[in-house]
Structure formats: C-alpha cells, structure tokens
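*Asks:* Structure in structure tokens, see below.
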C-alpha cells in the first residue's frame, strides 16, 4: 500500500488536505479531500498539475498532468488528462469534503503523481465541454487560490 498527501495552501484563505492511497499499480487510487475557505455552495476545479513547484505561487505548478497527451475532460471521460479530477462541491460554509477512486491516477509506476501538485481553482471546471480552445486545455477553471505538492507518507 502506497500513501501520499498534499497540503494545500495559498494566498486567498483557501487551504486543505488531499490524501491518496493505492494498493498496487493495477489498482485504482483512492483520493480523499477536505478543502476550506472556498465560496459557499460552489463547484471548484480540482486538478493534478505537472510540476511540484510553488516558487511563484500555484502558477509554477504548470499545466495539468497529461502524460498521454490527451485533451481536457471529466474524470469519467475516456479522453482526459490524468490530472483531471473534475470539480469539488462546497457546502454552506465553503468546505469541500469527499472521496473517489480513479484508475488513471497512480502513485506507483511511470505515470506516478508523486512530486506533482494538486491545485484547487477559483472557478468551476467546464470539463472540456466549453466552446473555446482553452476548455480543452484547462476547463476554464480560472485562478489558482491554493496548491500543494504530493508527497509520500508512511
């Protein structure tokens, strides 16, 4: 069993923890999250980005992690980035909490997400269904109020 965590921090009052757990390379990864400081009753884009770099804030995390060179999509779409985790939904207090399993996100093997960044966005991800070229790259999810590097835990 491999476990990893990303502690999300930023300059907009958004913070949280995202945990990852994978039993073997062929098994799906369980992702659980609790993120506070968002707008209440909203959906916010939630992605794994290519770089584990926060030297210039969350913008240094680069684009979505996309080792297979696909276009952006929903987590349930066949064509999507590995880093496309869709949207998180906040409650009346601006807290998003939940978990899901994902077969493309790996902690083990050549497409491991360890050392990359989790980013929570300021806007809703259109899941690649928008009518702009940017939709197929980013989902038009907007600015990056918080991020954190995915690191192994014991």
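Even glycines carry a Cβ here, placed using N, Cα and C.
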*Asks:* Looking at SUMO cross-link as annotated by Swiss-Prot, pick the matching residue from 9, 19.
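*Replies:* Comparing 9, 19 with the record, Swiss-Prot tags 19 as SUMO cross-link.
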*Asks:* So one of 26, 135 should carry the feature phosphoserine according to Swiss-Prot; which one?
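*Replies:* Going through 26, 135 one by one, Swiss-Prot flags 26 as phosphoserine.
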*Asks:* Of 70, 101, 106, which does Swiss-Prot mark as SUMO cross-link?
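*Replies:* Checking Swiss-Prot against 70, 101, 106, the SUMO cross-link entry points to 70.
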*Asks:* Given the candidates 71, 132, specify the residue that Swiss-Prot annotates with phosphothreonine.
*Replies:* 132
*Asks:* Show, in sequence order, which residues other than 64, 72, 81, 84 on the same chain lie with their Cβ within 8 Å of the centre of the Cβ atoms of the Zn(2+) 1 site.
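*Replies:* In sequence order, the nearby non-listed residues are 47, 65, 66, 70, 71, 73, 80, 82, 83, 128, 137, 138, 139.
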*Asks:* Report, in whole Å, the straight Cα-to-Cα distance of residue 26 (phosphoserine) from residue 64 (Cu cation binding site).
*Replies:* 22
*Asks:* What whole-number Å value do you get for the CA-CA distance of residue 43 (Zn(2+) 2 binding site) and residue 147 (disulfide bond)?
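*Replies:* Here the two Cα atoms lie 16 Å apart.
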*Asks:* Quick check on the binding-site residues 43, 84: which one has the highest count of other Cβ atoms within 10 Å of its Cβ?
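*Replies:* Max Cβ neighbours within 10 Å, all protein chains included: 84.
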*Asks:* For each of the modified residues (39, 99, 132, 138), count the other CB atoms lying within 10 A of its CB, then report the residue with the highest count.
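*Replies:* Counting Cβ neighbours within 10 Å, the top one is 138.
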